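Report on one structure; see the data block that follows.
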């Protein structure tokens, strides 16, 4: 099938690779290179980098609302467009241009967690399951009818990165199935009940309040790892907490217990991966060798 692929971050790359292996990708659309790193040099998106490695033509318009951009898109003569974490709103002329329309790969069980950060929000909310939906796109934000859906359990110690990687591979597999069965799939309108929105993650959500229950803090750490990274102050230094598990232990909220376990409002969490500023992530034993925490140390955010 002649396809246009539209995506930008790491999450989109396995999908691009799967489509390239099994279909004809006539063009790749992604976000333009942007300044990044200490030197603030323009850095291409992961999708642009991989597409160029595969020898695929790449476009990165800043808007698809101009008549010129829409004419260039339509001239590709694609049977369908596959969209995953692209980053631009698709106006109606773009949605209408491919013969079979535009198919979106969304990392949630729609209509729950429409929007920008469905993987983060599922973990933060304590959802026990999530999944991938293949959706026929329309003008609304993730409102289109669902063609195919697959569920997966969220593990008790899974981070955003863990779930991101699993769902990315699941999306690549599922879109191949959807394209192969497109003539037989029946679009299912999303129900009005159960709609929630996955707002973008704000940095203000990352500071840990140790008076909260351990279960909430556990979800906060896992649901913000690796970015932006839940953080606390230890010995006056900001430390990112990247992996954890619920643990036994009692103490005043924020009290550091043996083995980098920290007491919460109720219960405790054992930190299994932490990162000081300017350092690489470390497991507890190595972390404490270079950053000993005397008895009576407290974690806090202000």
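Quick reminder: no glycine exception, Cβ is built from N, Cα and C everywhere.
According to Swiss-Prot:
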type	residues	note
BINDING	108, 109, 110, 111	(6S)-5,6,7,8-tetrahydrofolate binding site
REGION	276-302	region 'Disordered'
COMPBIAS	276-288	compositional bias 'Basic and acidic residues'
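Where Swiss-Prot records a feature, it is marked here on the structure.
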| residue | record | contacts (Cβ under 8 Å, 6+ apart) |
| --- | --- | --- |
| 108 | (6S)-5,6,7,8-tetrahydrofolate binding site | 114, 118, 119, 122, 130, 131, 133, 198 |
| 109 | (6S)-5,6,7,8-tetrahydrofolate binding site | 129, 130, 131, 133, 149, 151 |
| 110 | (6S)-5,6,7,8-tetrahydrofolate binding site | 133, 135, 142, 146, 149, 190 |
| 111 | (6S)-5,6,7,8-tetrahydrofolate binding site | 142, 143, 190, 191, 192, 194, 195, 196 |
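Remark: secondary structure over the compositional bias 'Basic and acidic residues' (276-288) totals 5 helix, 2 strand, 6 coil, with classes taken from DSSP. Cβ proximity to the (6S)-5,6,7,8-tetrahydrofolate site centre (mean Cβ of 108, 109, 110, 111, cutoff 8 Å) flags the following additional same-chain residues: 106, 112, 113, 114, 118, 131, 133, 142, 146, 190, 194. A coil conformation is recorded for residue 108 ((6S)-5,6,7,8-tetrahydrofolate binding site) in the three-state DSSP classification, outside any helix or strand.
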